[in-house]
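A.B. asks: For reference, the structure I am asking about is given below.
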């Protein structure tokens, strides 16, 4: 909203100019009808832009929001702070700003020209600045308003005739106070287009004139978060390989994800359980590493004993394995456990030994049938190997299903505990912030009482000095 500078010789009332098309409030319509009745001023007066929500301002009257925001001038506790003195400070600051328009004024400039205590000047200056009555950026009027951004998909004619529609909530909401990402819940005010986190809402970290009852709590569901891309999963695995269980560094490596997101996604990975050091799988993983290192030629300059056990345990399955068959066998044995792998190996060796013994015995009895027995022994060996492999595979699959079920139940229980703890800590944080706010209010009241006592004592001393004189 653009307003004319006040006439020093007139009544001092703000003269609103013709509003632009972006003003849709009822105050803007009233200002337009009022400006149609008032005479047009000279063209050499600069236009001063103020926000539409500051249309309550008047040079001679005091609004209710001023009484609520600056109660020390209206509670009659101090003789030096009264409504008349407040009007003097407020109008002087606004006139000084309009005289130097479009240059912004600072608190130092105002303090040099006014005769009063620093606290009162500061309070009035911050109040006027928060409502945009001073130092309001004139270039901001050319920027699109929030309702214009919501209507960006419509044509200009539709935007002028139809009301703005609400947009879908984004998955991530940033706090307008501390600029942090709201995680579980946030507090939104549709009237002033504000979004605050729980900490800023408790601390009342919003501009003067907004009531806390105008905010509504908005739950941010976990399902609204975007799915993990392949690139983010690779970054997560890379961070876990480098930093281990230091989830702060892992979250900083995976940009745009929190520690809770990284932990939740990591336990959902199909091979996530192999990164945990379990007692029944350490031997199998070390066997896989020994087989992998033994197959690498020494000419590559790789020290087999140089790598730490932590790094060997964190290897991905079948990664850079020169012998894929042995690598797969070692990996399956690591998943199944040492007991199942040992039983399968013993059964395979026993079957091969029985086949070799029968073949040697038949060959010694009948040398003429040696070739035929060799062919049959090869076929028998293959059948026994396949049978042993099928038995071992069934045992491995059974053990794998049991392990996955146990891990899934354990992870669900732990995640439930973590969520309960997070909710509990958030409640404690809100209670602490509320207590701290009450303590600050008590301190402010104590400070005001001390100032009143000081002024009354000083006044009494002056009266006594006058009586003595």
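Just so you know, glycine gets a Cβ as well, placed from its N, Cα and C.
Feature table excerpt (Swiss-Prot):
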- 423-447: coiled coil (COILED)
- 15-42: compositional bias 'Low complexity' (COMPBIAS)
- 293-306: compositional bias 'Basic and acidic residues' (COMPBIAS)
- 360-369: compositional bias 'Basic and acidic residues' (COMPBIAS)
- 370-380: compositional bias 'Polar residues' (COMPBIAS)
- 48-145: domain 'SWIRM' (DOMAIN)
- 223-274: domain 'SANT' (DOMAIN)
- 1-42: region 'Disordered' (REGION)
- 293-314: region 'Disordered' (REGION)
- 360-387: region 'Disordered' (REGION)
A.B. asks: Per DSSP, what is the helix/strand/coil residue tally across the domain 'SANT' (223-274)?
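C.D. replies: When I sort the residues of the domain 'SANT' (223-274) into the three classes, I find 36 helix, 0 strand, 16 coil.
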A.B. asks: Using DSSP, what's the helix, strand and coil tally for the domain 'SWIRM' (48-145)?
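C.D. replies: Looking at the domain 'SWIRM' (48-145) with DSSP, the answer is 54 helix, 2 strand, 42 coil.
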A.B. asks: Give me the mean pLDDT over the coiled coil (423-447), rounded to a whole number.
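C.D. replies: Mean pLDDT across the coiled coil (423-447) comes out at 92.
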